[in-house]
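A.B. asks: My structure is below; once you've seen it, I'll send some questions.
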Amino acid sequence: MSNTEKGGLHRVRNFLSCRQVLNLLTILGFMLNYALRVNLTIAIVDMVRPNVTSAGNATVSGNDTLSGNSTAGNGSMSSATPDGVDVYEERFPWDSYQTNFVLGCFFWGYILTELPGGRLAELIGGRRVFGHSMLWASLLTLITPLAAHINYVVLIVVRVVLGFMLGASWPAIHPVAAVWIPPMERSKFMSNMMASSLGAAITMPICGYLISVAGWASVFYLTGAVGLLWSLAWFTFVYETPATHPRISAEERREIEEAIGTTTSKKRPSHVPWGQLLCSPAVWAIIICHGLAVFGFFTVVNQLPTFMSKILHFDIKQNGLFSSLPYLGKYVMAVASSYLADYLRKKGTLSTTATRKLFTTFALVIPGLLMIVQVFLGYDATWSVTIFSLALFAHGAVTAGYLGNGLDIAPNFGGTIFGMANTLSSFGGFLSTWMVGALTFKDDSFHSWQIVFWILAATYISGAVVFAILGSGELQPWNNPPERVKISDVTQEEGVPLKNGK
């Protein structure tokens, strides 16, 4: 290493610790994770012709009539459209079913890599899995406009593969936390995952503005390019373990390893104790609660721009701005509740079990009750924006609740547990888009959306009840299973831990 490089590393070490760099890049990573996902939810409002009326035919300006399955080459528009866009671009004659199909197909791929991604991260390290999932997702985002222009089916394939890549990212961060973050700081670290909401909050208004001045394709080029830059930074500055980090100080490394102790194995367990894991009520509390909670969240993420366009009649700029407000509130609550939860646990005011149950109940029951209010007041734009903002604000407390609970009960298998939970929630993501499409296909009125809000209320509150009954914050005895075969330390360990006192 040259003197210049050494000097640069020294300046970085003095400015930010390795954990601070990890926290910063994790925040930015999850912001981009959702930017790569939700860019389509705002762009599709402008990708689809506003005057498509049915599944069979779409009426176009002039005397043209297009089939509902038509794609490229027939829908270019160069004059100002009803939502204010004044650029030459192609629009597609997709009906409500087709539009929701495009939004929902992301989850086909997403569901396939949740559990394998979590387990793979436990075996080879979360840094590799998380970094590569984001890198390839960014490249796929860049080619999304091309795919849409080629064919409707090609776009679906790209979105499925995008989901396949991003599906591994969420469970992969749990093994990172297990080796880098002391147990009493993990709620705060898990709040970094809610930066996804911040990413959505920033992406929505930026996309709305970009669409109004440069067309819908621009949002994919911007988010994809930024994702590539983040991937470069992640692989440059983040390492798998403190023991393998070339610039970590002895003090920081010792602090991390002594705080983690034996709760996370230095040697990665070569097998999962599936029998004990699958018979654990604490594991099923996380899986079921997450599945029900994320069903509600994904419905809002994917459908809020459409609801604001068709029911509240916001234009594309207003849509992007007001769609972003709920996500800002969610991130604020995620950070605040996580700091409060860790404080209460450190002080001994609440046990880990009581903390997780208290914050989970708050995070799910409040949104459930607000969805009931939305049934009666959601036709009013002011009330609707306020209710969604408050609902997602309260939902942010899941970071102090069940979201990091897998690291409490079994840090060695946090990726596997969260992968199982996210697999179920992925079914909910696709189901929610199908549900909204089916309910609004023939009757795209507020009455149909009222049914959606009743369903969301039931799922949110049910999730809270399940976790309150089955949830736990105690370390499970199967967290450190005996090895079946002796594996050399070289293949299992990426660095030799510091000895205490040295």
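Here the Cβ of each residue, glycine as well, is placed from N, Cα and C on the backbone.
The annotation transmembrane segment is assigned in TrEMBL to 21-45, 134-154, 160-181, 193-212, 218-239, 277-301, 321-341, 362-379, 385-405, 417-439, 451-470. Among the features that TrEMBL reports, domain 'Major facilitator superfamily (MFS) profile' is placed at 21-475. The region 'Disordered' feature in TrEMBL is assigned to 59-79.
Surface or core, plus neighbours and distances: that's what I need for these features.
C.D. replies: Listed as Cβ neighbours of the transmembrane segment (134-154) (distance under 8 Å, sequence separation of 6 or more from its ends, same chain) are residues 29, 32-33, 36, 39-40, 47, 69, 71-72, 90, 92, 94, 98, 102, 161-162, 165-166, 169, 216-217, 220-221, 223-228, 230-231, 234.
If you look at the transmembrane segment (277-301), the same-chain residues 6 or more away from its ends with a CB under 8 A from one of its CBs are 34, 37-38, 41, 200, 326, 360, 363-364, 367-368, 371, 388, 391-392, 395, 398, 402-403, 405-406, 409-410, 413, 416-418, 420-422, 424-425, 427-429, 431-433, 435-436, 452, 456, 459-460, 462-464, 466-467, 469-472, 474, 476, 478.
Long-range contacts of the transmembrane segment (362-379) within the same chain, counting only residues at least 6 positions beyond its ends with a Cβ under 8 Å from a Cβ of the stretch, are 289, 292-293, 296, 311, 337, 387-388, 390-392, 394-398, 400-401, 446, 449-450, 453-454, 456-461, 463-464, 467.
If you look at the transmembrane segment (417-439), the same-chain residues 6 or more away from its ends with a CB under 8 A from one of its CBs are 96-97, 99-101, 103-108, 110-111, 114-119, 167, 170-171, 174, 277, 283, 286-288, 290-295, 298-299, 302-303, 306, 406, 409-410, 448-449, 451-452, 455.
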A.B. asks: Report yes or no: does the transmembrane segment (218-239) come within contact of the transmembrane segment (21-45), defined as 3 or more CB pairs under 8 Å with a sequence separation of 6 or more?
C.D. replies: yes
A.B. asks: Using Cβ atoms and a strict cutoff of less than 8 Å, what residues sit near the transmembrane segment (451-470) while being 6 or more residues removed from its termini?
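C.D. replies: Counting only partners 6 or more residues beyond its ends, the transmembrane segment (451-470) has Cβ contacts under 8 Å with 281-282, 284-286, 288-293, 295-296, 299-300, 303, 356-357, 360-361, 363-365, 367-369, 371-372, 374-375, 378, 401-402, 435-436, 439.
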